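Trainee: Just dropping this structure here.
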Amino acid sequence: MQNQFKTHVKNNFSELYSGRLLLAVSGGIDSVVLMHICAAAELDFAVAHCNFHLRGEDSDGDQQFVENLSKGMEKECLVAEFNTEEYSQKQKVSIQIAARELRYRWFDSLLEENQYDFLLTAHHLDDSMETFLINLSRGTGLEGLLGIPEQNGKIRRPLLIFSRKEIEEYAQEKGILWREDRTNSETKYLRNKIRKNILPLLKDLNSNFEQSFVNTIANLKETFVLSEDASKLHYAEVVTQKKDSLCFDIKKIKKLSLPKAYLYKWLQPYGFTAWKDIKNLLDSDSGKKIYSEDYVLLKNRDELILYSAVLERKEDKYYLEQNQPLHYPLKISVESYCDAELALDKSFILVDEDLIKFPLTVRKVKEGDSFKPFGMTGTKKVNKYFKDEKFSQFQKENTWLLCSEDKIIWIIGNRMDDRFKIQDTTTKILKIQTTL
């Protein structure tokens, strides 16, 4: 196993020989074997141990064991102690999730603050099989059937090619001592049930089950890559990136062979996982919305528009001073100007300074708002202007007005008011500019 490990690291994790490594060590057989085999491979590492204080004296015994083992190997040992039960209650999560969150949060901080390059964990082949079966039993997509990845960000799992049996045999051969966690034998946890009851049965049914599993995962990973490629290809055809939103072409979506699968893939990262709601939105009237925790999905004519829920935050007014740019809810600034050019760029307007009064206000549209569009003689309701210009619901809700007292100067990024234009009698010109 030792030679196989060295070859595996050389061929697949060569970066470990030049990086500063942090080993997650609980004191159990897997992580202790990882320590010994990394030391034998002459990898440079420090040790990180978590004391969750869940098993009384046993937890303290684990910590003492890991500290002594590290000292014997002349390796730095970093220890963090957690009140896991208190965290679990405050966050309203299970003990297992609490321990995981606390553990990886600490690991992340160590990687960043102590400038370690990689975190090594002792996950092995049986762990990956258990994860596969857990996800299968709960229901999952293709991604949930890929087992545990060998690497994820700065995490490396060099023992994934080895079975639990191989690790146990290596420990016995080398006379390695470790700590036993009695909770690993409790079958109240799903993973332990699978480990104790399901995996042994599968191995009895097929003496070559482990290799069959490895081959199946390899095939599934290839299928996953194909699906990712197809997803990226159709995403480029269907989705348009705008400044503050993503626009999905509904007609093109409906022509896809598997619209449900593609939409789930594209929208799941934004918190939209209920297909029924998404399907209803596709066929709903324009203006209908559904929400995730942080995002809004809006039906607008033949598009679905995805944007941040922050954009729906309604504030009464923002104030713009002549010498103080505004940075939120949009960037807008005022400067003196001397050239009375024709403002063809929608990102700025030129106005007669004597006709406006500071501070100017930036606000959303209100019912009954009207203005005198540049170049016209009469007034027009802002909502009528939106309709005539074919504004989408998203555009209407995210358009801001620039006002002087109660008069609209500019529908920002669109039309200015004719009453504030530069005339022959104008002596002072202001350029008001935004970033579109």
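Backbone N, Cα and C atoms are what each Cβ position is placed from, and that goes for glycine too.
The annotation ATP binding site is assigned in TrEMBL to SER26, GLY27, GLY28, ILE29, ASP30, SER31. The domain 'Lysidine-tRNA(Ile) synthetase C-terminal' annotation in TrEMBL covers 360-432.
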Trainee: Would you list the other residues of this chain near ATP - those whose C-beta lies within 8 angstroms of the C-beta centroid of SER26, GLY27, GLY28, ILE29, ASP30, SER31 - in sequence order?
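Mentor: Close Cβ neighbours, site residues excluded: VAL25, VAL32, VAL33, ALA122, TRP178, ARG179, ASP181.
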Trainee: List the residues of the same chain that sit at least 6 positions away from SER26 (ATP binding site) in sequence and have their Cβ under 8 Å from its Cβ, in sequence order, or write 'none'.
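Mentor: Listed in sequence order, they are HIS49, CYS50, ASP62, VAL66, ARG179, ASP181.
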Trainee: I'd like the number of other C-beta atoms within 10 A of the C-beta of ASP30 (ATP binding site), please.
Mentor: 21
Trainee: Taking only the residues in the domain 'Lysidine-tRNA(Ile) synthetase C-terminal' (360-432), give me the average pLDDT of this model.
Mentor: 93
Trainee: Please report the DSSP secondary structure of GLY28 (ATP binding site), reduced to three states.
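Mentor: Assignment for GLY28 (ATP binding site) reads coil.
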Trainee: Among the binding-site residues GLY27, GLY28, which residue has its Cβ surrounded by the fewest other Cβ atoms within 10 Å?
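Mentor: With the binding-site residues GLY27, GLY28, fewest surrounding Cβ atoms within 10 Å: GLY28.
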Trainee: Write out the long-range same-chain contacts of SER31 (ATP binding site), meaning residues 6 or more apart in sequence whose Cβ is under 8 Å from its Cβ.
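Mentor: When sequence neighbours closer than 6 are ignored, SER31 (ATP binding site) has LEU23, ALA24, VAL25, THR121, ALA122 within Cβ distance under 8 Å.
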